[in-house]
Amino acid sequence: MKTIILSTAIRLLTPLFQVFSIYILLRGHNHPGGGFIGGLIGAIAFVFDTLANGHESTEKTFFTLKVYQQPRKSGISYLQHYLQFIRMNIQRKKEAGQLDVQQQYCIQLRPVYLMALGLFIATISGTISLLLQQPFMTSQWPEFHIPVLGSPGTPLLFDLGVYLLVMGIILKIVFTLAKE
Amino acid sequence: MSQHLLVLLPLLLPLYGAILCLPFWKRSLPQQWVAGCTQVCWMASAAMLIYEVTTTGIVKTQIGNWPAPYGITMVADIFSALMIGASTIVGFAVYLFSLRGLNESRKTYGYYPMLLLLQMGISGVCLTGDIFNLYVWFEVLLISCFTLLALGGTKAQLEGTIKYVTINMLASGLLLTGIGMVYSLTGSLNLAELGRLVRQPGSDLSLVNIASIFFLIGFGIKSAIFPLFFWLPASYHTPPIAISAFIAGLLTKVGIYTLIRLFTLVFIMDRNFILPLLLVLSGLTMVVGVLGAASQTDFRKILSFHIVSQIGYMLMGLAINTPLAIAGSVFFILHNILVKTNLFLISGVVAQRHKTFALKKLGGEYLKNPFLAILFLLSALSLAGIPPFSGFWGKFMLAKAGLLNENYSIVATSLAVSLITIFSMTKIWNEAFLKPKPDNNGSEKEVVTSEEKQASRYLLVPVVLLAGIILFIGLYAEPVISLSIRAAEQLKNTDLYINAVLNR
């Protein structure tokens, strides 16, 4: 289904959805809201994009990172080589045509990686207190404050994990359904 | 090591293992390594837990540092630690079997993470001290079991899975109703607090007894007790052995574990109603299960019906309800987890060679592979309860407790059922091992490549491991029996559990 209205609107709305989902995620740690609903809202943007442009386009635009690689030249140390590698990848659009022999490969962020990362962060947030000789999932609050957020404790970490997990699961379901 | 970490390690290790498997989606080799390391660590953590529980008594941790009746408590007493110990051994054996005994596509599409999540669920059920949390862990079991049973998506598997899930969803609904009733009656979900409230003088027990029936039916479905067992033989024989061996060995026993926990701790056994009901149910479960087994001609189906029959023995201990009887139940559960898994694994080894489970088409194993035949004989005799093997001690304790408590009819039933168990095991022995292999189509010659030969030799490793443990428990039963007697004393003396959890 390709409509101009939807695909134009979604291009404008995607950043809005993203920012709002992060707002909900952060707000949730003292007020109603949180990781679950934030993850859902964050996934909406990609779901709409899939509806408008198809899942291949969504995966290509948002979840694929193209990496250019150059073989190391003989006179250059490893450090210089990696610095050059990073610089090349940051300014790739300008230089992509000019640079000589390049290998180009894609790093794809699959939804299942998001799920794994989310689960891992959520579990880690509970385990931190175990390592401090306290019961599992006891909230830990650091001393310092971040201006808008307040003190970022382990519940925020847990919410972040849930956020990623929910987003990964929704994307997995949507991409699978879109492929069918 | 702090108590908090000790109690939660058996639960957290499989979870971390499953999470670490996920980045290697569709690549089986790294998943195998992660799962293998997790299984070994899981065994070590269970061993530490058993050591701690037997030396210092009940250990517990309050999740999130919320005090006992309000937060979720994780408790380990001897019974739960022993359950986790047995399931880690079985988990390791099934993991070893899966390395060669499961096809590549199932391995790459999530066998290892789901197996680990299933193991996490088992640890959760055994450790939790909160009745709603218990329900959640059973849902974890149900979901991962559902995925494992359907993994691969063959027609027979899907059919079995649908039956399994439908009936278990119904059971979960009944459990939830029961939990709701208990909560509205007492205002608490903590098992220890419930046990305390129910034992208070002047509390109204009639409604609690009605609520207990919901739990009896719910867990009755999950552990395949007599009128509610029909889903089990219909679904357990469909998936590959590396899946069904673990599920068959453990899941129904986890249901029985919960029944024993709830009916010793929370629900006071009514001498006029619940005890006789349990007694009748256990007798019928034994008889119907074993008769079903006697009428089957498929290796796995016979074993599936035997699960039902053995559940009757475990329930018998609860129904007689003396410390010795419950100790018998505990011992029987431990022994049965090992033996049942081993028999399933052996059926897998046999089927790997013959590509079928139908007894009619099997044969000649004794001549070709006498070692496997001996391993089967050992497990089968242990299941039937012949003296030097582990099953004998469980049945002996149960029968002795029954005689002491003057429940003569159930003892007679259990002994008669043992005879029929031997009969149906003899059937497998005769058909699969002793009789010559029937020629199918006359000309088809069996071609065993050297690779297959090596694979089937490798498949024997977990079988030998389990058979060794069974033999060890049978010949040197003293430590396990004394542990189960201590577990039963802890179960009967509910004040220990209540005081440990509520910090009184």
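Cβ coordinates come from backbone N, Cα and C, glycine included.
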Among B:50-69, B:410-429, B:430-449, find the range that TrEMBL records as transmembrane segment.
B:410-429
Is the transmembrane segment (B:302-320) in contact with the transmembrane segment (B:458-477), using at least 3 Cβ pairs under 8 Å (sequence separation of 6 or more) as the test?
no
Is the number of Cβ-Cβ pairs under 8 Å between the transmembrane segment (B:410-429) and the transmembrane segment (B:274-295) three or more, considering only pairs separated by 6 or more positions?
yes
Tertiary contacts of the transmembrane segment (B:371-390) (same chain, 6+ residues out, Cβ under 8 Å):
306, 310, 335-336, 338-340, 342-343, 346, 349-350, 365, 418, 421-422, 425, 428-429, 433, 460, 463-464, 466-467, 470-471, 473-475, 477
Which residues, given as numbers and ranges, are at least 6 beyond the ends of the transmembrane segment (B:164-185) yet have a Cβ under 8 Å from it?
131-132, 135, 138-139, 142, 145-146, 149, 194, 204, 207-208, 210-215, 217-222, 228, 231, 234-235, 266
